[in-house]
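**Student:** I'd like to ask some things about the structure below.
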Amino acid sequence: MDKGKKITDSETVIDDMDDNNCWWWLVQKGTAATFATIALFAFLVRVAVSLHPYSGAGNPPKFGDYEAQRHWMEITINLPIQEWYRNSTTNDLSYWGLDYPPLTAYQSFVHGIFLRFFHPNSVSLFTSRGHESYLGKLLMRWTVLSSDALIFFPAVLYFVVVYYNRSSRSRKSDLAWHTALLLLNPCLILIDHGHFQFNCISLGFTIGAVAAILSGKDLVACVLYCLSLNHKQMSAYFAPAFFSHLLGKCLRRKHPLLEVSKLGLYVLGTFAAVWWPYLYSTHSILEVLSRLAPFERGIFEDYVANFWCASSILIKWKRLLTTESLKLLSFTGTIIACLPSMVQQIKTPSNRGFLYGLLNSSFSFYLFSFQVHEKSILLPLLPASLLAMEEPSTFRWFMHFAMLSMFPLLCRDNLVVPYLALLALFTLIFYAPGQNRVRENNYFYYYLGASTTRLILSGSFILHIVYLTMHPPEKYPFLFEAVIMNVCFSQFVLVTLGSNIKQWMLNKPVKLEMEKKLI
Amino acid sequence: MGMGKQKLSSKQVHNSCSPKTTTTVWWYFLVSTCIKVLLFPSYHSTDFEVHRNWLALTHSLPLSQWYFDETSPWTLDYPPFFAYFECFLSFFASLVDPQMVHLQEGLNYSSNTVIYFQRVTVVLSDLSLLYGVYRLTRNMDSRKQKVIWSSVIWSPMLFIVDHVHFQYNGFLIGILLISLSYLEEGRDLLGGFVFAVLLCFKHLFAVAAPVYFVYLLRHYCWGGMIKGFSRLLIMGGAVAAVFAAAFGPFFYLGQIEQVIRRLFPFGRGLCHAYWAPNFWVFYIMSDKGLAFMLRKLGFDIKTPAASFTAGLVGDSSPFSVLPQISPIVTFIMVLLALSPCLLKAWKNPQPKMITRWIAYAYTCGFLFGWHVHEKASLHFVIPLAIVAAQTPEDARHYFLLSIVSCYSLFPLLFEAQEYPVKVLLLLLHTILMWSGFSAQFYDGAETARVLTSRTKKKIDQSGSKGSSSAGLKKGGFAIGWIDRNYLVGLVVVEVWGQFLHPLLLGDKLAFVPLMLISIYCSLGIMYSWIWQLRSVVNSV
């Protein structure tokens, strides 16, 4: 537990004695106490956010994601397991039908039982459609809070312990700072505890898998990543990185084929275990699979800051091409975008490179794949937060625009107040007094210059205000959304380019070490 | 006049407060502000409507009717400065939403606008707390500062009472801290002046007035016939000017009697509906015990007409055996309890003791006062935080006291939604204090190393337990086995009241959980009073 303490003590004491360091007391008692304090605070923030409205509150007939999750609980506890994904008289799939893999269904089942125990009306079949009550909301909020505490928090602890054991230069207050940033990710908190979703589960499994890879336990990593994939198919954004890193590692061992097949066996085993109830016939498997890939919804919905939506201002993709060719096009685009990072990892797999690879592959999916939702920005945000120590300013920059890209969505959910509070809290934690993080080895400052960054930043603040206070011209009702989305898209492309370059730069370790020392 | 000395000290002050200190204290304040903002939609008590009504009342009625208006049951019962404050706020309120300040149409108005407006005023008025605690701590070393800031600015009690339940305690206690900071600097005139202002905001702070009086008389006005007398005149003039500014208009209108009647509603009874954890809890309990025993022995003891658990207490005596308590009795008891402190202040008035004395005075008022609210424990817990970082003994006492008095506020938030909020606030406070004091009194890395492995596990288990007393000998921060067991008992009381009681007994004896909290917390507060009394008496 206290591996972080093995760092040369004289150095850490001097560092942490820094008079204005606000982490000094947290780190006196070791990693466990530090983590406990920050986790309590992060949990308090989550509880406070959960007091606010959820998506689609009091908005019949379809409500929002809250109703979707509640409906899945209703379906899973009242119908036999084979019928969960099947359209029938009792299970109308057009009304929030299950469209996530089986692990989400099992999770809904467990939570449904919890709800039924305390408040049977909120999950009764048919009659509970659109159920909204004080107790119902409270119980639903608690299902997310408990999932967060049971999966995401331990995963972050695992990652932090592994990560700060690895690099010997780390300071204890760095650990505290990084933990706080990981646990207080404003986007994740707003979507899970405000808007209402269970991203903490799939992202928690992913963090666990990353930590397992960093500590050299590849088989554990495989199992955890498969669980993540089976909770939300969006976790496939990370698949290229996991695949290429593990493949690259296997190729460097004595018996590459044996190693690969061992990993494959674990993957298959996990999948088989999760899909067991549907393995009795190919038909039932296809039934579930067809629910997971909603191609009929078009290449993008609403306004999302990716390539297809941004370029649709000039090129009307939806009108020009059929869904089939768009599918192919987006697939090719995604593969091309993540190929460089995959090649780098297969050639020279390394832990740092793996983290960059995660960021790059998830970004390629966000920017180019089919049917991306604005909430999917959480996926690239995760590896960026894992890299916060290496790329502090990039992370802050990225977080800022990730938040902005979700601003219209959160406005619709009436979550403006928590949005502003959490953004402020994030900035405060980031600039906590005593963090001597002047390492601006950040490409923004190289390529854009300080004044340009300031200009963009203040521009984005103005966008917030404009979006809140002004009405768009009648001719272009979604003008502001389009502007926000294009601004975010341009910044995301910058971050992707930068992190791809960074990942390839890792191949020149000598030069990098020199730079580090100079800094 | 000693002005030279004062000027010198203020100059030193300005030199030593680096811009970094102010940045850090602002950082603490802004982090707490984020949490406060997030808590906006949480439950708020009837105090919210009380303050909304006062906004409407001061906005739409002329001054002459403020203390007579009875449109709402929540009549104005704070001194005039607070009414002026509400009048000031109501100006902005009328700009935001005129319905908010409408006397009739605004009744029980609770749209998002009014909630956000009133919550924002509380958050902004907390700036006085920030200034007060900053003034008091700006010359301390940075470690002490941080422990104090985190216990005052992030005080779980203030979060619960001000930002969920809804009141303006942070603002008022901030004024008290400003006054104390002047006294500690030796600028007695300003200290007395600010205290007079505070009294005109909320008269419940008057409990400490005797201590202020004796201290200022001896420390400011003593020494030489002419000098002393002239200073007495200056101080008297300053205080009188404040009171004239507050009460003058009502005196002029001839309403002073009505104002006094509103400010001191003695018809309310000895205890509040939920008993504040003070001395009278024991009194009531021993009355019940005696009555029970005497009945068993065959005496004819009548059950009193008025019941304490029912909430409202009328004129009839609620006691069956012991004599009834009148406001005068409580007044005398408070003065008696105060007397050792007054004696000390008379004999040797020293600025470095004043914060302890004031805190002690409020403790006495809380323990023996008439119709005390549980929220009044804020009046001494916050000032005690300022002196908590001085010695390990102080820290140990404060650690226990702050947990107990925060816990005693739990019944204020009775809805399920806020349950995790209050529990997390208390746990976070506990672990912050624990780590803060441990780091503060960190003597030699070796002892701490040995202890951490043991203490950490304990903290993880309950969040409120301590380390072995071995640490105390080495000069580190640790709490003894009695304290530890007491805190474990607190967890037991909470688990019983929240989970086991409803599970095992259902709706039967529904008053027992609250009563248990009162009794158990009053034990802790009594201990704190005795500890403070000892430290006041033993001080040199």
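Glycine too: its Cβ is placed from the backbone N, Cα and C atoms.
In case it helps, TrEMBL gives these features for our protein:
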TRANSMEM  B:25-43  transmembrane segment
TRANSMEM  B:116-134  transmembrane segment
TRANSMEM  B:146-161  transmembrane segment
TRANSMEM  B:167-183  transmembrane segment
TRANSMEM  B:190-213  transmembrane segment
TRANSMEM  B:233-254  transmembrane segment
TRANSMEM  B:266-285  transmembrane segment
TRANSMEM  B:325-345  transmembrane segment
TRANSMEM  B:357-373  transmembrane segment
TRANSMEM  B:398-416  transmembrane segment
TRANSMEM  B:423-442  transmembrane segment
TRANSMEM  B:509-530  transmembrane segment
**Student:** Return yes if the transmembrane segment (B:190-213) and the transmembrane segment (B:357-373) have at least 3 CB pairs under 8 Å (sequence gap of 6 or more), otherwise no.
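**Tutor:** Answer yes, regions in contact.
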**Student:** Out of B:116-134, B:146-161, B:423-442, B:509-530, which stretch has the largest tally of CB pairs under 8 angstroms to the transmembrane segment (B:25-43)?
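**Tutor:** Maximum Cβ contact count belongs to B:116-134.
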**Student:** In the same chain, which residue numbers or ranges, 6 or more beyond the ends of the transmembrane segment (B:357-373), come under 8 angstroms Cβ to Cβ?
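**Tutor:** For the transmembrane segment (B:357-373), the list is 176, 180, 207-208, 210-212, 215, 266, 268-272, 276, 278-280, 327, 330-331, 333-334, 337-338, 341, 344-345, 379-380, 383-384, 387, 525-526, 528-529, 532-533, 536.
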**Student:** If contact means at least 3 Cβ pairs within less than 8 Å, sequence distance 6 or more, would you call the transmembrane segment (B:423-442) and the transmembrane segment (B:266-285) in contact?
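**Tutor:** Result for the transmembrane segment (B:423-442) with the transmembrane segment (B:266-285) is no.
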**Student:** With CB pairs under 8 Å as the measure, which of the listed stretches B:146-161, B:167-183, B:398-416 comes out on top against the transmembrane segment (B:266-285)?
**Tutor:** B:398-416
**Student:** For the transmembrane segment (B:146-161) and the transmembrane segment (B:398-416), check the count of CB pairs under 8 Å (sequence separation 6 or more) and say whether it reaches 3 or more.
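**Tutor:** Checked: the transmembrane segment (B:146-161) vs the transmembrane segment (B:398-416), in contact.
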**Student:** Short question: most Cβ pairs under 8 Å with the transmembrane segment (B:509-530), which of B:116-134, B:167-183, B:398-416?
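**Tutor:** Ranking B:116-134, B:167-183, B:398-416 by Cβ pairs under 8 Å to the transmembrane segment (B:509-530) puts B:398-416 first.
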**Student:** How about long-range neighbours of the transmembrane segment (B:116-134): same chain, 6 or more residues beyond its ends, C-beta under 8 Å?
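**Tutor:** Beyond its ends, the transmembrane segment (B:116-134) has Cβ neighbours at 22, 25-26, 29, 33, 36-37, 40, 48, 51-52, 55, 89, 92-93, 96-97, 100, 148-149, 152-153, 158, 162-163, 166-168, 170-171, 173-178, 180-181, 386.
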